[in-house]
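Engineer: Grabbed the feature section from TrEMBL, which reads as follows:
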type	residues	note
REGION	1-21	region 'Disordered'
DOMAIN	40-212	domain 'DUF6535'
TRANSMEM	64-81	transmembrane segment
TRANSMEM	129-151	transmembrane segment
TRANSMEM	182-211	transmembrane segment
TRANSMEM	218-241	transmembrane segment
Amino acid sequence: MRHVNAPLKLPTDDPDTDFKRKYPPDAELGQELAENARVWKVYRDEAIQHDDGVLAGWNNTIDILLTFAGLFSAAVTAFVVESYQFLQPAGLDFGAAFYALAVNDTETLHTLAVSSTHAGSTARWINGLWFTSLFFALAAAFLCILVKQWLDEYIARTRASSQNPKHWSRRRAFYFRAIDDWGVAGIISLLPLLLHAALFLFFAGMVVLLWSLSRDVAAWLSVLACLLFLLYVTSILIPVWNAACPFATPLAKHLHRSWCILYIWLLRRGLSIPEIAAALAARWSHLWRFQPNLGAPCPHPRSVNLWKLRKSMRDVVEKPAFDQVLHMEPLSNSDDASGLDAPSTPRLVDELDCDALHWLIHSVSDSDTNAVGIQALGALVPCTPLAVLVSRKGIISQNTYDTQLLLAGPTGGGIAESARIIRSILALSDGGLTANATFIRDHIPPTAEQYRHRIPQDIAYPDMRLLRHGLFVPIDLSIAFEDDDYVTIRDQAAKWDRTPSLHSTSMLLTSLQCLHRHHVLLFLLCSDLALVSHAQWQFLMSKLRNTNSPCPRHLCDVPCNLECFMELISSFLLQESADDIDIDVVRQLFDATCHYLPPVGISFLSSRLSDLPTFLTYLASAKFVSCTPSHASASATNIMFWISNSTAWNHIPRVDPLWMRSWRHAAYVCRLQSATVYAPTDLIRSVLANPADQHMHHTAYPPFEVPSSLDATLRAILVPEDDADRLVPSIWNLIATEKNAFAYQTLATGEALATSLCTMSRNAEGVDDLVTLFLAPLTARHLVMLMYFFWPRQSDDISLVFPSSALTFCSHIMELRPSWWLEELNVLLHEDENLDFTSPWGDPVAVSEVQSYAATLTEECLRRGPCYDCPLTVAPLAFDISLRTFTVNPFGVYPIVDTEEAG
């Protein structure tokens, strides 16, 4: 299913322009937003060029302001030096004072001094205006110095080295966004206003001064100052209402934004009052007429008209130029943002990527640069925060949608460029329902069809084949399954390598709203299911799920994942019939989901058997066995590994019979396709083990509850499944007859079964039929060969010592059916000693060595006696090595030998 062929190379376009030679396209589809993608390199160069131009303009403005502020401050200072003396008390001329006393003896010296200490109102006005003018000029110069430092720090932050182009782009977008949010441009535009105010304050002071000296001159100067002020105000206000006016300044731009905000606010308040009144009138009308349905009263026609008017006017007034001002949001992670590195918060990172793409598409006038930004949108993964953010902000407005997409790929563009444009169209289009639509392409903008024709029909690259055929899949269910494009995707999907680019393309197609369930399943066939996120599963499951195939995991607050999809696919396969489901596609998807079970799907090592009841129900059903050709042996192998893994059934109190049946069917599929069968040894030993019996090994934690019927458990393992169509061998038969299995699996499983059968015989239960089924697939030759290689004897000069597991296993077989062991061992011991046996691993073994091992093993079992944990239920065996015959011991008991003494 996966990685059948070697990955194909993306067709490359000829770099026919200097721009393409400088910025070659990305090597793979879906990598347009990667860390070293072309879009971020273009963004970096364009941003540096833009910042250099803007910063150069700001620095030139600041330099001019500093020069003017210096000259103006010097001029004002010269006037202030003379005018401030008007505020000081004049020096007393004592000679003149005495002369005054001599002329008018009514005056006193004290009276003359007091009268000269108070400045007139004219002097106060003159000095107040000129000192304020001087303060504004110096403040403007001081702020200009601060702003120059801000700009130098911005350059240092944005031009610092970075990890990759994407990291640089995010950092620049972060600081550029901060400049806009903190109003640095507005502050710079207000600096000239301080000097303008200082100039007019100086003129006002001059008028006041001249008014006290010569009113004619003062009037003439007042007229000139008023004309200058009127010209100044007019040059600022005209661009607010007339965008074509050449008198525009940064201050006029900010006034225009403020006016738009105020206009929208007044418009909303003015229209909301009649709208609320109309809604209240409609509600009162319903109450007055005693109408029963009051849950959702219809709005008044006037209310609807007012709402339409408000929306249309808002669309006209609200332009992208001040959209950021209306939606300015504080940054949440100020600590991360304080350094030179871009913040790592996922939400903020997505916003920065969105801002960078928006700036590249809308703020740069070069069409090639816009094309790179638009093509990069094709790498958006549906349902991710970035994709949702791009959709909500509307990077490409609907009124210029087709135009901008045409600019993104000029006529004569290459194949790869056309594929990227189609992907961008899919990423930006919701694919909503359209009347009289025949194919999927009819639900997306018609621009996509222009680029689809540029892709050759015989293209071998999987992504492009999927785009070319996928857009032409019919919507009508009655003809979809027989359509050539549908059949091509269904038949070729298994041969395509599941690359990230193919997965990205398939997810873009599945995100279209117009798709039906069979479309989604078809495109999922081309995806890598392990890469689908929880949000994407939530969206897909809502389109795939219906009342006939519920997902139990949705009954609780659990996010959707691949387990939910496995349950849903299994429910489809269990259905008798479904008109809107292609069973071939569903079976391929089932095989694909099995690839993510252990040991391949490491993430599914934590999935428990109880989490997938529908999946196990299908495995245990006859439908799974009846369609074995469609299920790959690798899938069945993964199923066996998953059921055998203790992580899948730990912390589950009781055993579900579905577990054993599911493993049996998976093993049977492997047997039909000549694949190795791996025994669930740990599961069988844990199921058969009694927690109170220390001699029975189990790995379940906590141990399973003791089954209500050991007989039922053994029959589930030993009895074959007699289906109407075929006879499925028993679990033990599949394990014991597997030639390539590990010896431990067969021996450990057999030991657990033999011990359980002896336990049943202790309770005088009939086990003859079960013993027959247990011994049916075994031969002494095969059993001894497994023991010979897996449980090797430890030899010395004194004796042979066998592992206790081998002795226990053989003792149980002798106790259950002595005649079987006698007959099988007799056949083995009469083999020609000059021949060689072949081990399970293909190595030659001398027959004499195996015979000696079997004879010594039997003798040791008879010497040790019966198993102390199981009662003796049949007559024991006596063994005569010299005669190579077996007789029944007339005493009816084993000779009990002390093991320590025997050693």
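Cβ atoms here come from the backbone N, Cα and C positions, even for glycine.
Please situate the listed features within the shown structure.
Structural biologist: For the transmembrane segment (64-81), the list of distant contacts is 127, 130-131, 133-134, 137-138, 140-141, 144-145, 191-192, 195, 198-199, 202, 205: same-chain residues at least six beyond its ends, Cβ to Cβ under 8 Å.
Remote same-chain residues near the transmembrane segment (129-151) are listed as 55, 58-59, 62, 65-66, 69-70, 72-73, 76-77, 79-80, 83-84, 184, 187-188, 191-192, 194-195, 197-199, 201-202, 204-205, 208 (criterion: CB distance under 8 Å, separation of at least six residues from the stretch ends).
Among residues of the same chain six or more beyond the transmembrane segment (182-211), those with a C-beta under 8 A of the stretch's C-beta atoms are 58, 61-62, 65, 68-69, 72, 76, 79, 83, 122, 125-127, 129-130, 132-137, 139-140, 143-144, 147, 150, 217-218, 221-222, 225, 228-229, 232, 249-251, 253-254.
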Engineer: Looking only at the domain 'DUF6535' (40-212), what is the model's average confidence as pLDDT?
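Structural biologist: Across the residues of the domain 'DUF6535' (40-212) the model's pLDDT averages 80 on the 0 to 100 scale.
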